[in-house]
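In TrEMBL this protein carries:
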| type | residues | note |
| --- | --- | --- |
| DOMAIN | 5-83 | domain 'Cytochrome b5 heme-binding' |
| BINDING | His40, His66 | heme binding site |
| TRANSMEM | 179-199 | transmembrane segment |
| TRANSMEM | 224-244 | transmembrane segment |
| BINDING | His245, His250, His268, His272, His347, His350, His351 | Zn(2+) 1 binding site |
| BINDING | His271, His326, His330 | Zn(2+) 2 binding site |
| TRANSMEM | 281-303 | transmembrane segment |
| TRANSMEM | 309-329 | transmembrane segment |
Amino acid sequence: ATAGPRSFSAAEVRARCAQGACLVSCRRRLYDLSGFVRLHPGGEQLLRRRAGTDVSAALDGPPHRHSENARRWLEQYYVGEIEQVPPRDRTGTGLVWERVCSPKPAAAAQLCAWCWDSLWVPQHHNHCLLPQDLVDWQKPLLWQVGYLGEKYDEWVHQPVDRPIRLFHSDFFEFLSKTAWYVVFMVWTPVVLYLSWVSYTSLAQGNTRLFSSFTTEYSIPVHKYYFPFIFLLGMILWSLLEYLIHRFVFHMKPPASNYYLITLHFLLHGQHHKSPFDSSRLVFPPVPASLVIGFFYGVLRLLLPEVLGLSVFVGGLCGYVIYDMMHYYLHYGSPRKGTYLYGLKAYHVKHHFEHQKSGFGISTRFWDYPFRTLIPEETSKKED
């Protein structure tokens, strides 16, 4: 028989919080968020301040009503139950969870179980039993997800906090993972070198725009134009970032097509399934070099050689900034009120609740004209 959940006294919880743990409760269920505090989109200090308290009201908002995915996410850190203190024993400790609630039966069921295909299954373990276990987490996932069929889209958008293995081969698995600083170390020297090549080539005064069509009306491109061309490349990258994220990474593969589901999971689905897997937050240099080479070839065909190179290096710089920002939005703790703080909250909403909007990562700019901006919450606290 499976052992029931462990019981924790209020004194034990207070002692653990005093030692630096971040324990919170939702009604009588106790969660250890010590490993999640730095990742919380509201900031580490927000969770630290709520250590040792009941977060039921905070989950419902305002200012933010947490999504069903966020509530599922919380269940991964479940460690046990708070001991119910009889009224005569209450001593005014200040712990909110000692005021035990009596939720409605349906609400109580949701605290202790998941509903999957109309079946309630009890939850007494750190990792959710259901829909995550549609696959075998002890084996590489890449070759399993294609068999999920019509359940794939719902499954992949229910995030979990655990690492993913894609391949059987250790070599290919190694190539599929990248530490954030590798992107900076590999591509920053390339950006600097190509910037110098572009500037010195423009300084020779031989580059003219439209020279392939007419020599009389061609426009000379001076070296002083390089910063503006570089900036144009960065802007074009931000648009490309949006388009790829929306139309490639968020394509909905046909439920009957094993190969397209597998491709989607390889490109982006894995990231939505495990959004805090630190080794899979940036693009590995080997496949990235193939994509980057393709776009360089396109620019060489469309623009004069030096002009195309100048636009390309600006775009490459934009890509490096994007990858660094993407990692920071998942693992950084920006100060409240800053631009990055808002961007982190925006991106986390995309992962947990608004997967069909909020496609801008390094900027929300393109979500405005394409009408995919995540709406602001306007909920007000009930009396």
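Just so you know, glycine gets a Cβ as well, placed from its N, Cα and C.
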Report task. Could you state the whole-number distance in Å separating the C-alpha atoms of His347 (Zn(2+) 1 binding site) and His40 (heme binding site)? Result -> 12
Report summary line: Within 10 angstroms of the C-beta of His351 (Zn(2+) 1 binding site), the count of other C-beta atoms across all shown chains comes to 22
Query - Non-local residues, at least 6 beyond the ends, that sit with Cβ under 8 Å of the transmembrane segment (281-303) - result: 175-180, 182-183, 186-187, 240, 271, 309, 311-312, 315-316, 319, 323-324, 326-327, 330-331
Report task. Any same-chain residues 6+ apart from His271 (Zn(2+) 2 binding site) with CB under 8 Å of its CB? Would you list them in sequence order, or say none? Result -> Asp277, Arg280, Leu281
Requested in this report: For His347 (Zn(2+) 1 binding site), list the number of other Cβ atoms lying within 10 Å of its Cβ atom.
Outcome: 22
Query - Cβ-centroid neighbours of Zn(2+) 1 site His245, His250, His268, His272, His347, His350, His351, 8 Å, sequence order - result: Phe249, His271, Gln355, Gly358, Phe359
Requested in this report: Among the binding-site residues His326, His330, His350, report those whose Cα falls within 10 Å of that of His40 (heme binding site); none is a fine answer.
Outcome: His330
